[in-house]
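J.: Handing you this structure, nothing more for now.
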Amino acid sequence: MLQTTNKPPLTIRLCQPRGFCAGVDRAIQIVVLALKKYGAPVYVRHEIVHNRYVVEGLQSLGAVFIEELSEIPAEHRRSPVVFSAHGVPKSVPADAQARNLFYLDATCPLVSKVHKQAMRHQRLGRHVLLIGHAGHPEVIGTMGQLPEGAVTLVETEADAARLVPADPKALGFVTQTTLSVEDTAGIIRALRERFPDLQAPAAESICYATTNRQEAVKDTAPGADLYLIVGAPNSSNSRRLVEVAERAGATMSLLVQRAAEIPWNDIGTISTLGLSAGASAPEIIVDEIIDAFRQRFDVTIDLAITATETEDFPVMRVLRDVELTPADMAFVNGAA
């Protein structure tokens, strides 16, 4: 006998790729490996990635999150300290060395590439224009690679219009890795209109994961009654995905950290849901949200595959002799 359901039908357009990128995987793995090799506590300067679920999971394993190296107690000065995936100014490792601290730099290799691009511009005599968001840890880290005054932050096309450089013919730009691809292109166009000699970095600064996730959302947003992005409010790449969904045609687009944040009373009647996750959001939260909708709807999953990601960034040599258990790997990969 066929069973019937009184639940309304709902198609979930599930983006792939979504969630953790290679840089996030690597950063989380570094903290877990350090805990297994050296024991707790392992100190982490700033949130290793911008996601509370991940941070709280690492805290439960013995990680201690700090904002300044001066917060490390004297009795734990031999404990490892990990720098977050967003990168740090040059002054931070210098401070760690001055304090005789053992540090592990979990800066995403693609962020490190931007640092090198900025330094190359300076070596070639160019003033560096950094396209990014003021106050973001990645921007602070990139600006801190060069002497004060060597970098100018450009956040908007209006900033580009106001810019008065000392030498308009000696400019080079780099970008934060997690920006809106479309917004960044507009800022670069505005800069080039005013400064035709503006030099680009040797390679694209916006990372593959940012681009892939934005393209996936753009492809799946048209006609969606609601689009949910799993991510934290302080996650730049997650907030950009919300904006992309709105621009691409989703009726409503929201950022949520957990299923408990879904505003059921505001959703109304929906038949199509778009779903993706920022690069620092674990897959287990995506599963949690799908389960929450299954409780209220007769769900059909429409998997929208727009790219295949094979990138893998190895950890530093000092941690490669440590083996992770299947449970460790599940956490590192966002599945637990």
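Backbone N, Cα and C define each Cβ position, glycine as well.
This is the feature table in Swiss-Prot:
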BINDING   CYS21, CYS108, CYS207  [4Fe-4S] cluster binding site
BINDING   HIS50, HIS86, HIS136, THR177, SER235, SER236, ASN237, SER280  (2E)-4-hydroxy-3-methylbut-2-enyl diphosphate binding site
BINDING   HIS50, HIS86, HIS136, SER235, SER236, ASN237, SER280  isopentenyl diphosphate binding site
BINDING   HIS50, HIS86, HIS136, SER235, SER236, ASN237, SER280  dimethylallyl diphosphate binding site
ACT_SITE  GLU138  active site, proton donor
J.: Out of CYS21, CYS108, GLU138, CYS207, which of these recorded positions is nearest SER236 ((2E)-4-hydroxy-3-methylbut-2-enyl diphosphate binding site) by C-alpha distance?
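T.: Smallest Cα separation from SER236 ((2E)-4-hydroxy-3-methylbut-2-enyl diphosphate binding site) among CYS21, CYS108, GLU138, CYS207: GLU138.
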J.: Just the number: how many Å between the Cα atoms of GLU138 (active site, proton donor) and SER280 ((2E)-4-hydroxy-3-methylbut-2-enyl diphosphate binding site)?
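T.: GLU138 (active site, proton donor) to SER280 ((2E)-4-hydroxy-3-methylbut-2-enyl diphosphate binding site), Cα-Cα distance: 14 Å.
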J.: Please classify the secondary structure at CYS207 ([4Fe-4S] cluster binding site) using three-state DSSP.
T.: coil
J.: By CA-CA distance, flag whichever of CYS21, CYS108, CYS207 among the binding-site residues is nearest to SER280 ((2E)-4-hydroxy-3-methylbut-2-enyl diphosphate binding site).
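T.: Ranked by Cα distance from SER280 ((2E)-4-hydroxy-3-methylbut-2-enyl diphosphate binding site), first place goes to CYS21.
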J.: Helix, strand or coil at SER236 ((2E)-4-hydroxy-3-methylbut-2-enyl diphosphate binding site), per DSSP?
T.: helix
J.: Max CA to CA distance in Å over the isopentenyl diphosphate-binding set HIS50, HIS86, HIS136, SER235, SER236, ASN237, SER280?
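T.: Per the listed residues, the maximum Cα distance equals 15 Å.
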J.: Whose Cβ lies within 8 Å of the mean position of the Cβ atoms of HIS50, HIS86, HIS136, SER235, SER236, ASN237, SER280, the isopentenyl diphosphate site, other than those residues?
T.: VAL49, PRO137, GLU138, THR178, ALA232, ASN234, SER238, GLY278, ALA279
